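Q: Take this structure, written in structure tokens, and hold onto it; I'll ask about it next.
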């Protein structure tokens with residue numbers, strides 16, 4: 001019987017695994033073809049223009065639009081069916097974040113349409129079709145993720161695997177295109193600053209793919225062209241978030257889940273005042289440093305060196321605070337004896353993998369800077385600040401990753417339930433009149449959700465006491481000792497509860513502080529404050545072109561790490 005019952009499952013899992021492998025290989029080949037096309041355009045390959053790249057992306061978006069419309073129509077016709085949901089996927093705060101980035105992406109698309117209208121005489125029609133298609137793709141995709149990010153698909157699984165993985169790699173290619181365009185703009189600005197600072201030993205050729213014609217309205221052209229590059233960081237974050245949510249949806253196809261109630265953990269500002277104050281202070285000071293840096297860098301050699309020194313000192317101070325906060329949080333975890341939740345969860349596993357994987361980008365840049373400082377023959381004064389900065393970047397990410405991964409894998413606290421049960425049993429030995437007030441004292445008004453369980457527990461303990469063979473003498477003795485026992489147990493449970501509350505409050509403040517610090521450290525590289533470009537030391541040691549290639553490859557991962565860490569810390573704060 002067991003063999004017969006097990007064989008269908010084994011036979012049924014093989015086609016699903018094959019479909020997963022086939023769809024993943026389809027997606028990878030789709031991505032590699034687009035990546036090669038993007039690279040060919042970037043290096044001015046013969047016979048390949050930007051219109052070829054945009055045509056490929058438009059085709060991919062159009063196919064995804066058709067699939068999403070088909071899925072939404074099928075969902076509407078099967079609305080009455082009960083579907084499995086992954087409660088860990090598609091959190092509300094994540095949906096709100098992707099919606100915010102999508103709105104700014106729509107503004108970016110409108111700027112691109114305006115840019116195309118102004119340069120329509122010499123631009124390919126694909127440059128006007130692309131932003132319109134992208135806007136429609138963005139609107140429908142956000143609606144799709146709001147409604148179906150939690151779905152566990154159990155029908156048409158093979159077809160849905162190809163549809164979802166197509167969507168994942170379409171967003172990754174759009175992310176790659178945005179990263180390349182924004183990086184080329186940053187590189188051109190960097191080259192212009194090198195010209196200003198008089199680096200004559202570096203061959204500088206601007207590569208901006210600018211249209212070879214005059215603009216119809218000069219003022220609007222300037223607004224559109226400059227505004228586009230300030231909005232690209234939000235577009236980049238939108239596509240990477242969309243691809244991660246869609247990847248979780250793909251991993252959930254055909255998955256068997258346990259049906260259990262998950263407690264909602266809304267974000268509350270209560271109890272995190274200290275962390276918010278310190279975090280907002282860091283955020284405000286970071287914005288001020290970025291503004292001063294962008295104004296001063298490239299003006300003259302002295303002003304550039306002062307801007308770099310200011311940036312390094314501020315970053316060293318912030319990273320040192322973050323390391324200290326992370327160490328304190330890990331020490332608190334070491335003092336607690338709580339097991340980890342090792343159940344299978346695609347969303348949680350992906351969060352941990354993205355944290356470690358994207359941290360490798362900034363680690364690569366930090367080790368490059370450390371090697372450059374060690375090997376360089378001449379060291380301007382400001383470059384010595386780069387050494388502690390690079391070391392702290394490595395240490396801070398290492399500590400923060402440990403804190404976040406352990407936080408998202410820790411089981412929900414069950415100590416309160418144990419204390420509650422022991423508290424009820426202890427009180428029931430004495431007077432039942434003090435039951436409700438004492439229970440509320442410990443749980444701060446949360447007794448109403450479990451108040452229905454109290455009579456059974458109390459009555460059972462009383463019955464057990466009455467059926468005891470000790471008689472009335474033992475009963476009187478117990479009643480005589482009950483005030484002492486009650487006061488001792490109240491003190492013990494109250495002290496234990498207060499210690500747990502203090503630990504939880506400290507952890508929530510640390511999570512809130514690190515959340516705002518990661519948002520602060522996302523701002524400088526996202527908006528052009530990149531000392532890896534401007535200090536010049538790494539370029540002298542490794543060479544201009546090799547180091548620029550390393551920075552362009554690693555920087556997008558570093559930027560995404562900060563945003564992903566902020567999102568994970570927000571979840572940690574809600575869960576703690």
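Each residue's number is its place along the chain shown, starting with 1.
Keep in mind that glycine also has a Cβ here, set from the backbone N, Cα and C atoms.
Whatever TrEMBL says is automated annotation, not expert-curated.
When I checked TrEMBL for this same protein, it listed these features:
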- 26-47: transmembrane segment (TRANSMEM)
- 53-72: transmembrane segment (TRANSMEM)
- 93-117: transmembrane segment (TRANSMEM)
- 129-146: transmembrane segment (TRANSMEM)
- 229-250: transmembrane segment (TRANSMEM)
- 271-295: transmembrane segment (TRANSMEM)
- 311-333: transmembrane segment (TRANSMEM)
- 354-379: transmembrane segment (TRANSMEM)
- 506-528: transmembrane segment (TRANSMEM)
- 540-561: transmembrane segment (TRANSMEM)
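For the listed features, I'd like the structural context: burial, neighbours, distances.
A: Same-chain neighbours of the transmembrane segment (26-47): 53, 56-57, 60, 162, 165-166, 168-170, 172-173, 176-177, 180, 184, counting only residues six or more beyond its ends whose CB sits under 8 Å from a CB of the stretch.
Within the chain, the transmembrane segment (93-117) has long-range Cβ neighbours (under 8 A, six or more residues past its boundaries) at 123, 127-128, 130-132, 134-135, 138-139, 141-142, 145-146, 149, 216, 220-221, 224-225, 227-228, 231-232, 234-235, 237-238, 241-242, 245, 267, 567, 570-571, 574.
Panel annotation: around the transmembrane segment (129-146), residues 54, 57-58, 61-62, 64-65, 68-69, 71-72, 90, 95, 98-99, 102, 105-106, 108-110, 112-113, 116, 167, 174, 238, 242, 245-246 of the same chain, lying at least six beyond its termini, place a Cβ under 8 Å from a Cβ of the stretch.
When Cβ-Cβ distances below 8 Å are used as the criterion, the transmembrane segment (271-295) is approached by residues 307, 310-311, 314, 318, 321, 505, 508-517, 519-521, 523-524, 527-529, 573 of the same chain, each at least six residues removed from its ends.
Long-range Cβ contacts of the transmembrane segment (311-333) within its own chain (Cβ-Cβ under 8 Å, at least 6 residues beyond either end) map to 278, 282, 285-286, 289, 293, 382, 385-386, 388-389, 392-393, 395-396, 399-400, 402-403, 406, 410, 503, 506-507, 510-511, 513-514, 517, 520-521, 524, 529, 531.
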Q: Near the transmembrane segment (53-72), which same-chain residues lie under 8 Å Cβ to Cβ, leaving out any that are not at least 6 residues past its ends?
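A: Residues packing against the transmembrane segment (53-72) from afar: 30, 33-34, 37-38, 41, 124, 126-127, 129-130, 133-134, 136-137, 140-141, 144, 147-148, 160, 163, 166-167, 170, 173-174, 177.
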Q: Same-chain Cβ contacts of the transmembrane segment (229-250) under 8 Å, 6 or more residues past its ends?
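A: Answer is 23, 86, 89-90, 94, 97-98, 100-102, 104-105, 107-108, 111, 138, 141, 145, 148-149, 151, 153, 161, 164-165, 167-169, 171-172, 174-175, 178-179, 181-182, 185, 346-347, 350, 354, 526-527, 556, 559-560, 563.
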